[in-house]
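Engineer: Below you'll find the structure I mean.
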Amino acid sequence: MEAQELGSPTPTYHLLPKANQHTVKEDAGSPSQGSPETMQLKKEISLLNGVSLVVGNMIGSGIFVSPKGVLKYTASYGLSLIVWAIGGLFSVVGALCYAELGTTITKSGASYAYILEAFGGFIAFIRLWVSLLIVEPTSQAIIAITFANYIIKPSFPTCDPPYVACRLLAAACVCLLTFVNCAYVKWGTRVQDTFTYAKVLALIAIIIMGLVKLCQGHTEHFQDAFKGSSWNVGDLSLALYSALFSYSGWDTLNFVTEEIKNPERNLPLAIGISMPIVTLIYILTNVAYYTVLNIQDVHKSDAVAVTFADQTFGMFSWTIPIAVALSCFGGLNASIFASSRLFFVGSREGHLPNLLSMIHIERFTPVPALLFNCTMTLIYLVVKDVFLLINYFSFSYWFFVGLSVVGQLYLRWKEPDWPRPLKLSLFFPIVFCVCSLFLVAVPLFSDTINSLIGIGIALSGVPVYFLGVYLPESRRPLFIRNVLATVTRVTQKLCFCVLTELDVTEEKNVERKTD
């Protein structure tokens, strides 16, 4: 079936071949023939958009809820604030390492792209498999459910919100944000900018209220700030995990490196601006919480920010639950934006079906990857105990993040002459690797069963890799090839999408990338 069926003017776009065909026709609108625009994702993310993406993804629901977990395991205000500071410092070091990686390997995909470059396709595929199967859809489903709970809860003050209503609202939220990101990249970044400003303003309001209370002489909670502190290594590690949950998202911009304007400058600069802002906001917000709430209040609270507002905001206390919901909405938008690019890059490298590396011919958005991400998240919304699934990937997450930085050290040795616009002292990646090793080891001892389940999920990708990637396409069952070809062609026509110019001109044979 020829591309003329799409009815598009020059440049002409061709559909993928059927399974029994062996070539992909060239794009008649290639740069050599003077096409007005190349079929690639556009560089539309400015420095301000980048800061909003990082800040918006980091400030999700965690800072409104996680103080309870940190204080539970530290048992004192002083030690709790130290843990928050350590979590921020650790995240800054990790973000700096990723800034070097992102300016050296200017591909989207974050740790997937870096592991692929350093260690090859097999380990990179396992990283992609874990993200596809558990990490991204589970985290997005949880954020969407949290958003729905905070929106519906005011209507049911004396009981839990209806299960079905929460899940339907969560699904509507996911679908709406998917549509926004399919429509235009600018729509997604504008939504992100708006909701980032809203959540930062909400936290500033909490900080100001806390400072007012301090100035009024409410310092009793800090007079013996370390009294009752728990110095048990296991408790401290669990407290750090709770803090790091709130700091997660510092690698968001590395998922979309190819869409950043002047990434050699703006990627490290956006990270350098975002990380101090978030760390300072988190520490000051906790100071505000601890000024007003005693330890028992924090322990009994399901959402510390809401309890704080009830005691300080008076008739305006309703604004904080709304702020939490808006924070979740913005965080979900950033997660959808980033994870769709991960699947896009994975497909472009031959680790996922070709259809996921297509973009809309007019809007230049990865519509199939966004729809795939949406579908996976909706599936997990059906799972009643979806919150339990988050326990399965703590081990895998820190393993692959740490492995990315090990790859940074390896590439320093293997490819010393590569241009590196940002080159850190080796002190930073070495410290981060050591700390990541600790974060990988702790769950193995403190939460062995869930960690082993997480390892099992990762290893389930091994046969998938050998059957779907390593095995030559000609040796795969004809039935599967025909199904994939049909689904790809139908998706291409329904979504009005084509392969990017990189796929068409440099990978004409659509070869699978292997080691």
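Using the three backbone atoms N, Cα and C, a Cβ is placed for every residue, glycine included.
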Engineer: Which residue does Swiss-Prot record as phosphoserine, given the choices SER30, SER35?
Structural biologist: SER30
Engineer: Do the topological domains in Swiss-Prot put ASP224 and HIS360 on a single side of the membrane?
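Structural biologist: Result: no, ASP224 and HIS360 do not share a side in Swiss-Prot.
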Engineer: Sort out for me which stretch, of 115-135, 168-188, 267-287, 386-406, 425-445, has the most Cβ pairs below 8 angstroms to the transmembrane segment (312-332).
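Structural biologist: Result: 168-188.
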Engineer: Below 8 angstroms Cβ to Cβ, which residues of this chain, lying six or more residues outside the topological domain 'Cytoplasmic' (407-424), approach it?
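Structural biologist: Counting only partners 6 or more residues beyond its ends, the topological domain 'Cytoplasmic' (407-424) has Cβ contacts under 8 Å with 96-97, 99-101, 103-104, 114-115, 117-119, 264-265, 268, 430, 433.
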Engineer: When the topological domain 'Extracellular' (216-235) is classified with DSSP, how many of its residues are helical, how many are strand and how many are coil?
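Structural biologist: Its residues divide into 6 helix, 0 strand, 14 coil.
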Engineer: What residues elsewhere in the chain lie close to the topological domain 'Extracellular' (136-167), defined as a C-beta under 8 angstroms and at least 6 residues from its ends?
Structural biologist: 60-61, 173-174, 303, 318, 321-322, 324-325, 328-329, 331-332, 335-336, 339, 342, 373, 376-377, 379-384, 386-387, 389-390, 393
Engineer: Six or more residues beyond either end and a Cβ under 8 Å away: which residues meet both conditions relative to the transmembrane segment (425-445)?
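Structural biologist: 90, 93-94, 96-97, 234, 237-238, 240-241, 244, 394-395, 398-399, 401-402, 405-406, 408-409, 412, 451.
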Engineer: Count the CB pairs under 8 A between the transmembrane segment (364-384) and each of 168-188, 195-215, 236-256, then give me the winner.
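Structural biologist: Most contacts with the transmembrane segment (364-384): 168-188.
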